[in-house]
């Protein structure tokens, strides 16, 4: 949520910056609503003052033995007018709030201006894609050939865009999540958290999934009242970031760095027909999430650090990747600046996103009222929040299967994972 004061005082600037994201702000309508709000506010306060002044005269009139029925009627009439104005004001404020909740974050000045993903800017590459001297397979053929990926059973049990993993591939998938958690907690300074996979509406509003992206979520309909309105998490960013909702942390506690390995659930409502085969776009997938809560002056540096933490996973696994900074038209709703990390997939002969690392600045914190107490003046100030995948486990599995495949259909296990696989060096 944007700063209301900045929005009111810099409406034209806000509209101009939001336009670079493809969001057209109706300045005229918002200005009209603001004028109406001011007018109703003044009218309400004047009526309240008049009612209070007349109310005081009732006691005086009674003391003089005068009839107060007319005065009482006048007070009642003014009270009705106050109530009516309050209702009008509440309706205007509700509309203003709905508009404010629909606005994406303002892009950082360092984010390149562009309309879509074709105008994202590559900032670096790591590793060289492997040259194969045999016909390569994609992860689907490799996984099915190794009896480790069972798409048919998943369709029978649930439906499309789900997977059943078996044997050593299931073990490899588990090893990846454990490896990522160990790296981030022992070397990068994150605290591991175990979090609920079901969250309430307030949590989703806080991190920005609601109200805009409700159709992308899976919502529960329990038989009992307890649990009504819960939704499956689309990312562990939601529960991790909401740990500081409606709270004030001490400045000495910052930065707070959290990580969790969870299943994530997305309906993929807007991606019909995209990546219909394989593990790239699933309704249920595992992800290791990284969240940082920092002071405002530290957030841009924290974004670089967090992105590096995600990149380190790929480097340790020996997987080629590139990092791009997203243009304004391709950034997520709550982000002010985002880096996407894209891993090389030989089966698709291209780089595909495996992590998205974003600085939300105070956008989420304002929604959540997540603050810290500034030591200098002992006053609360909004935190800056950051998040990123460290990494998407399923897509990392895809990258390993395709990059480490052998001519006979077997897959070599990266050295960094062998201790998690009981010393196994190859699957198949």
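Cβ coordinates are placed from backbone N, Cα and C, and glycine is handled just like the others.
Taken residue by residue with DSSP, residue 235 (L-serine binding site) is part of neither helix nor strand, so it is coil. Of all Cβ atoms in the shown protein chains, 22 besides its own fall within 10 Å of the Cβ of residue 235 (L-serine binding site). Feature annotation from Swiss-Prot assigns L-serine binding site to 235, 236, 237, 289, 389.
Packing around residue 355 (ATP binding site) is summarised by its Cβ count: 28 other Cβ atoms lie within 10 angstroms of its Cβ, all protein chains included. As annotated by Swiss-Prot, ATP binding site applies to 266, 267, 268, 353, 354, 355, 356, with the evidence given as sequence analysis.
Rounded to a whole value, the Cα-Cα separation of residue 266 (ATP binding site) and residue 237 (L-serine binding site) is 14 Å. Fewest other C-beta atoms within 10 Å: among the binding-site residues 267, 356, 389, that description fits 267. In terms of C-alpha distance, the listed binding-site residues 236, 237, 389 place 389 closest to residue 353 (ATP binding site). Checking each of the binding-site residues (235, 236, 389) against residue 356 (ATP binding site), the C-alpha distance stays within 10 Å for 389.
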